[in-house]
Structure formats: C-alpha cells, structure tokens
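Under the heading transmembrane segment, TrEMBL lists 12-38, 44-65, 77-96, 102-128, 140-165, 171-189, 233-256, 262-283, 290-311, 317-336, 357-374, 380-399.
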Amino acid sequence: MGYLQLLRKRPVLVLWSSAALSVLGDRLYGLAVMWVVYESTQSAKWMGVAAVVESIPYILIGTFGRDLVARFSTYRALGWLDAGRAVAACVLPVLWSPGGGGLAVLLALVFVLGTLGALFGPNLGALVPDLVEPGKVRQVIGLLDLTTRIAAIAGPGAVGLILLAVSEVQLFALDGATFAVSAVAMWWLHVHVRRTARVAAATSPADTPPPVDAPAAAAWPVLRRHPDVTLGIGLHGVGFFVAAVSAVGLPALLAVQLGQGAAGYGLALAAVGAGALVGNLLVGNLRLGHWLTVYCGAWAVAGLTLFGYGIAPSMPVVLAVGFIAGLATPAAAVTLRTRLSEFGGPERLRLITVDQTVIRTAGTVGMLTFPMAVDAAPATAFAGAGVLLLGAAVAAAVVGRRWAAVPELAAEPVGGRAS
C-alpha cells in the first residue's frame, strides 16, 4: 500500500507521527474548551462564543495578514509557533479559576491559540508536498488526512480514559505536550530539509537555484487565472456552512425523530468515522478522474446524506447514511488539497490560506445560524441544508465543465508542480 511505502521515508514518518499526536491533542483541546466553558457558565451560548473567539484570528489573518502568514513559511518558524502553542496550553491550568476571571483567561488563551493556529496550518500545508516526489503528493496528503479519520474513531475513547485520571482543565496541559512534540518534529524537519538542500547543491550545483525569499502572493490574480480553484474553494465554504447543521443538530434530530439518546448519537458518529476511514484509504491511493468532477461529486453525496438524515425512518438507515457521509468527506478534502498543491510555493500558501479563511468564516456563520433552525424543526433543517449543498455542488460541476470548454475561461496550466 502507498501509505506504508511513504512511512518508510523518515521525514514523512516524523511528520505523520507528530501530526497523529497533534490531532489527538486537538480532540483533547476541543473537548476541554467546551466542557470547561459549559461547566463554569452553565450556558450553551458561551460555548458558541468560545468557538467564535477561536475562529476570529483565522478570519482576520486570512483576510488581512497575507505578509504575516508568509513570514512563517519554514519548518523552523513552525516549530516556534508550536512552542508558543505548547506554552499557552500548559499555562491555562495554572491560571484557571472558576468564575468570570477564569472564563476571561480561557477565552484570551483560546484567541492566542487560534492566532498561532491560523499561522501554522496554511504554512504546514504548503510545505508538505515538497517532502515527496510529485507523483506521491496525493498519497502524502491522504496520509495526513488519515490522522484526522483515526482520531475521529479513537479520540472519544481515549478522552474518556484520560478523564478517569485527570480533570478537564488538565487536558490543556496534555494538549500542550502534543504541541511540544510537534515543535521538536518541525525543528527536525527544518534540519533535514537544509541538509538535503546542501547535498543537492553539492552534487548538482547547476541545477540548484539559489534560495530566494519569495514575496507573498496575491490570491485574486491566481483565482482569476484558475476558475476551477475558485469554484472549489467556494464550494468548500458552502460545505462547511451546512456542516454546522450536523454538528449541532444531529443529537436533536435523533432524539426528536427516533427517540435516541447518547448511545444512538455515539453509534451515528462511529458510522461516520468508519466511512471516513474507508474513504480515506480509497481516495489516498486511487486516481479517480478529473479533480473538480470528483470534488463536486463528493459534496453532492454529502448533500444527499444530509437530506437522508432528515428523512431517515430508523436507526439502521441513519447508520448507513452516516457511513456514506463519511466516505465523501476525505474524497473532498484530499482532492482539493491535492489540487492546491500543484501550485508553486507562494501561490500554494496563499490559496491554502484563502481556503482556510473561507471555511472558517462559513463555518462560523453556520454555527450562528443553524442552531435556531434545528431548534424549530430538526428534520427540516437537515433537509434544507442537504438541498442547498447538493444544489451548490451540481452548479459548481456544471459551471466548471462549461468554463473548461471555453478557451478564455479554462484554467491556465499551473507553473508549479504536478501531483
């Protein structure tokens, strides 16, 4: 299998191991934030506030911080960002106290961690494709996506076991430890990349251009030259907007429509996780055709599954729908990231940043919008969200096909690398 071959490369193994640990840490962090906020305020509204506070830096930096993001485009800089996140996460249990003061400290550190994450994520995504030869880019992206899929299945159980030994606030310190490990991994990768570059320069000096500090790329000219990417990022935003209905509404839907409780909700999440794991193994190791067709198809399937949740008559149907929804998720994620990886470094970084900004903004708007619709009518909210996503996916596929047939609107060849 391609994944196993990639893991035989030490840089990929180091990156994947640290990423797997970091994803588990993110699960700990997400649970700790929401539970501590709810426990201290007894208000779901403040849980929403915490989610919005974390998203604000992603939106602001992605919109206005193009040059700032570009300053952290090396593994060494990423290591310092993760070191900062480790300190911020570990200091919270020390500063935490029940009441308004503790909540203010928590929200401030959530903002700090969001800021550092907004700088870290796009840069790591832009650097990863250069660790492997062009033909392995899809596989290495799929391999990193696999960490998320594994965490979705193993994470809840791991968190439950950990909480038998520590308090919810102490989960932040464990999250900080995962950031510290990631920082060491980033610094190791920095040394490895520099050593590899020196060896390449010594063996083929004529083929090795001198290092140049490339300026931060502007997004709009690139998006205008590559309308397929514009469609893909826009559809990604729609997908994250409607994903809020599932995130906040699935427990209510199962309770109202099928009389299910926490056990039923857990089974539904497990079905999605199992489907996502299978979907990752497929999309990471198979070539499935033109990227936009596959991408729009995956989001169309996701829309159909949201509609399916709304009309599901029984729990077995919900589990089947969830499994299919899980299959579509990595197909969309890996396909778009592989397409963005075809661009050269500065353009790739800017496009990944724009994509992150779009989905964070759309997700935040969705989290502020859909809870009201779910409270009013869960099944109708799911059906409406499914129809919206399906319509957007079909429209993007049709428009993309028409643009591809018009020479003036067809995407220009990418001057970076191929995947």
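From the backbone N, Cα and C atoms, a Cβ is placed for every residue, glycine too.
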For the transmembrane segment (44-65), sequence-distant contacts whose Cβ falls under 8 Å of one of its Cβ atoms, 6 or more beyond its ends: 33-34, 37-38, 103, 106-107, 110-111, 113-115, 117-119, 122, 353-354, 356-357, 360-361, 363-364, 367-368, 371
Long-range Cβ neighbours of the transmembrane segment (380-399) (under 8 Å; 6 or more residues past either end): 231-232, 234-235, 238-239, 242, 245-246, 249, 253, 292-293, 296-297, 299-300, 302-311, 370, 373-374
Seg_contact(the transmembrane segment (262-283), the transmembrane segment (357-374)) with at least 3 CB pairs under 8 angstroms, min sep 6: no
Per Cβ pairs under 8 Å, the stretch of 102-128, 233-256, 317-336, 357-374 packing most closely against the transmembrane segment (12-38): 102-128
Contacting positions for the transmembrane segment (317-336) when only residues 6+ beyond its ends and CB under 8 Å are counted: 138, 141-142, 145, 149, 232-233, 236, 239, 254, 258, 264, 267-269, 271-280, 282-284, 288, 291, 294-295, 297-299, 301-302, 304-306, 308-309, 355
Top Cβ-contact partner of the transmembrane segment (171-189) among 77-96, 102-128, 140-165 (pairs under 8 Å): 77-96
Outside the transmembrane segment (140-165), six or more residues from its ends: residues with CB under 8 Å to it: 3, 6-7, 12, 15-16, 19-20, 22-24, 26-28, 31, 128-129, 131-132, 171, 174, 266, 269-270, 272-274, 276-277, 279-281, 283-285, 330, 333-334, 337-338, 341
Other parts of the chain folded back onto the transmembrane segment (233-256), taken as Cβ under 8 Å at six or more residues beyond its ends: 223, 264-265, 268, 295-296, 299, 302-303, 306, 309-310, 318, 332, 336, 351, 354-355, 358-363, 365-367, 369-371, 373-375, 378-379, 381-382, 385-386, 388-389, 392-393, 396
